[in-house]
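Beneath this line is the structure, given in structure tokens, with notes to follow.
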Amino acid sequence: MRYIMKKGLFITFEGLEGCGKTTQAKMLYNFLIEQGCPSVYTKEPGGTKIGQKVRRILLDQKNDGMDYKTEMLLFLASRAENVRLVILPALEKEKIVISDRFYDSTTAYQGYGRGIDLKTIRYLNNFVVGKAIPDLTFFLDIEPYEGLRRSTSFGNSREIRFEEEFINKKIIEGKLFLERVRDGYYHLFREEAERIKIIDANRSKEEIYNEIVEIVKRKIADSTNSI
């Protein structure tokens, strides 16, 4: 069955290191393509040439002494380019956009995790994203210790994602930091329970995927015509 979108749909994936959100975001993207839904997959930081350069700056060992505010502004710079060049153009073409992380990451990590003023983060996020507001967000919830255990067990046998490198390079405090980040995501959920769906990430990837797909099907039902 092929779907014709009446309007664009913006879906984001959030969660702690090792929660499996990247896998689920890609699985959902592949499902939508198979179903005939014009879709775009993107990630943060990255997604654009400038985003990739920002990624390299954040991972450069020479920049270990970077101030938390500088770090946050680099993430925002990458996001601004991604919104301008990838996300908004796709939404304007009535496509479904799947993003591996978006502005909730800044609130959770730099706000609740790093302690940067939340009002400042909210203002800057709104300034950067403009009309690119997520319609649906999946927060894949996992205990910080389990997430760190999973990420450590990846070793060199699978591709290292950005946040794995970032955790190892920048967030040495590990579990305590991620507990603050997790609390931040729960605060966001209480504020926007209609948008943010908490997904138990302790299950198999198939179980998680099936739950996500059912939620997405319901979400797009009112925004599509099927032929």
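Cβ atoms here come from the backbone N, Cα and C positions, even for glycine.
For 13-212, the entry in TrEMBL reads domain 'Thymidylate kinase-like'. Annotated ATP binding site per TrEMBL: G15, L16, E17, G18, C19, G20, K21, T22, in sequence order.
Mapped onto three states, the DSSP output places G15 (ATP binding site) in strand.
Take the binding-site residues G15, G20: by the count of other Cβ atoms within 10 Å of each Cβ, the lowest one is G20. Other C-beta atoms found within 10 angstroms of the C-beta of T22 (ATP binding site) number 19, with every protein chain shown included.
In the predicted model, residues of the domain 'Thymidylate kinase-like' (13-212) average a pLDDT of 89. Under the DSSP three-state reduction, T22 (ATP binding site) is assigned to helix.
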